[in-house]
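Note sheet for the following structure.
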Amino acid sequence: MNMMTQLKSNALFVDQFGRGKRKLRISVTDRCNFKCVYCMPEHPEWMKKHDLLSFEELYQFCDFMVRRGIEFIRITGGEPLMRQGVVHFVAQLQNLKQFGLKRISMTTNAHYLKQYAEALKQAGLDDLNISLDSLDASQFKHLTQKDLAPVLEGIQAAQAVGLPIKINTVLMHGMNENQILPLARWSVQQQIVLRFIEFMPLDGDRKWSTEHVVSEQQILETLATEFTVTKQGHGSAQTTSDPARQHFIDGHPIGIISTITNSFCGTCDRVRLTAQGEFYNCLFAPQGLKLKTQIKALTLKTASSEVNLHDALFTYIWHKEQGYHAIEQRLKNQSLDKSSRKISMHMIGG
Ligand code: SAM
Ligand code: SF4
């Protein structure tokens, strides 16, 4: 589909490589009670509360996007359970299921999950991704500056109310690669789906380097010392845009998100919005598109507010780059260093 064909259609945002956008990630806050080494800067400068979009504005934006083909919304952060009103937001998003929204998900560090699991289930949340980087309490504290126990209790609470969960583990060399086998055993025992994530250059203090990355290959080799490892291919038949490459250990599914060594960008159907209304067509885009004014205008429900937002979005989405490696190459060619990328994971939400 070329740009002119897309102009005629209000149905689905598509980029120049023909990748339609069906997944939207909304970061509702950049604040977090954890300080994960691979994410949070040592001295975070939080977004000002008055700069954040309200939940009503975020809802209007989600409504607008669902009417243009978004089928999956993931609520993230910072820590989404730290923003008051997030459960009500989940409940409000249910209205959009009549317009094509299929799933509402959340990514959380699970610290507060014990107290919120029941309410999230009641609000209609479909599933949760939970970050868990170590089963060793002192290592967990070293990685996050917080205790492991509330996270394990949060996982149990989610299971007790019947919320489907997946566990995300970011691996870093010299930090927690010794957790590959303990976490794999635990996931088999608990019958929970685990996904290992390669460390990406989106940490707040820009300390990332390739030496810190534990590659998919290294993860598989470690798993093979104890399990029979088989491979399914990239994604499943249902969700070929799944960033996790699917493997099995003794028949139990295990995913690996290998952005650095096997980028999944070719089928990327995701777009993202930060809590203060900056829109990103890619996790690695050096710059976002400031949409706060246009999103606030949506609440006025004038015809021009929708047209203005639509025009800004489709041009920006159309120009989405090919992927992580293409962006890195361009920055290198232009002699721009990694500090030219202003966004980090705690703002964009993963
Ligand atoms: N606070 C929530 C949590 O930790 O689940 C949601 C936000 S967090 C930014 C979303 C996901 O990004 C988490 O699974 C986290 O492990 C992952 N993440 C953060 N920094 C990362 C990095 N530099 N490389 C890879 N994944 C990262
Ligand atoms: Fe907080 Fe999540 Fe970042 Fe950890 S990964 S510091 S829990 S936002």
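For all residues, glycine too, the Cβ spot is worked out from N, Cα and C.
What TrEMBL records for 16-240 is domain 'Radical SAM core'.
Here TrEMBL flags R25, R74, T107, K166, R270, V271, R272 as GTP binding site. All chains included, 22 other C-beta atoms sit within 10 angstroms of the C-beta of R74 (GTP binding site). Following the DSSP three-state reduction, the secondary structure of R74 (GTP binding site) is strand.
In sequence order, C32, L202, D203, G204, S344, M345, H346 constitute the residues six or more apart from C39 ([4Fe-4S] cluster 1 binding site) in its chain with CB-CB distances below 8 Å. Per TrEMBL, the feature [4Fe-4S] cluster 1 binding site maps to C32, C36, C39.
Note: G78 (S-adenosyl-L-methionine binding site) has non-local neighbours S27, V28, T29, D30, R31, C32, A275, H346, M347, G349, i.e. same-chain residues 6+ apart with C-beta under 8 A of its own C-beta. Annotation comment: TrEMBL describes Y38, G78, S131, M200 as S-adenosyl-L-methionine binding site.
Long-range Cβ proximity for C268 ([4Fe-4S] cluster 2 binding site), meaning a same-chain Cβ under 8 A and a gap of 6 or more residues, is found for R19, S241, C282, K320, G323. Under the three-state DSSP scheme, C268 ([4Fe-4S] cluster 2 binding site) falls in the coil class. The [4Fe-4S] cluster 2 binding site annotation in TrEMBL covers C265, C268, C282.
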> When you average the Cβ positions of C265, C268, C282 for the [4Fe-4S] cluster 2 site, which other residues in that chain have a Cβ within 8 Å of that mean position?
Replying inline: R19, S263, F264, R270, L283, F284, K320, E321, Q322, G323, Y324
>> If I take the Cα of R25 (GTP binding site) as reference, which of the binding-site residues C36, Y38, S131 has the closest Cα?
In response: S131
> Any idea what the Cα distance is from R272 (GTP binding site) over to C36 ([4Fe-4S] cluster 1 binding site), rounded to a whole Å?
Replying inline: 21
>> Around the C-beta of R270 (GTP binding site), how many further C-beta atoms are within 10 angstroms, looking at every protein chain?
In response: 20
> How long is the line from the C-alpha of K166 (GTP binding site) to the C-alpha of S131 (S-adenosyl-L-methionine binding site), rounded to the nearest angstrom?
Replying inline: 9
> Between V271 (GTP binding site) and C265 ([4Fe-4S] cluster 2 binding site), what is the CA-CA distance rounded to a whole number of Å?
Replying inline: 12
>> Just to be sure I understand the contacts, which binding-site residues have a Cβ under 6 angstroms from any atom of ligand 1? Candidates are R25, T107, K166, C268, C282.
In response: T107
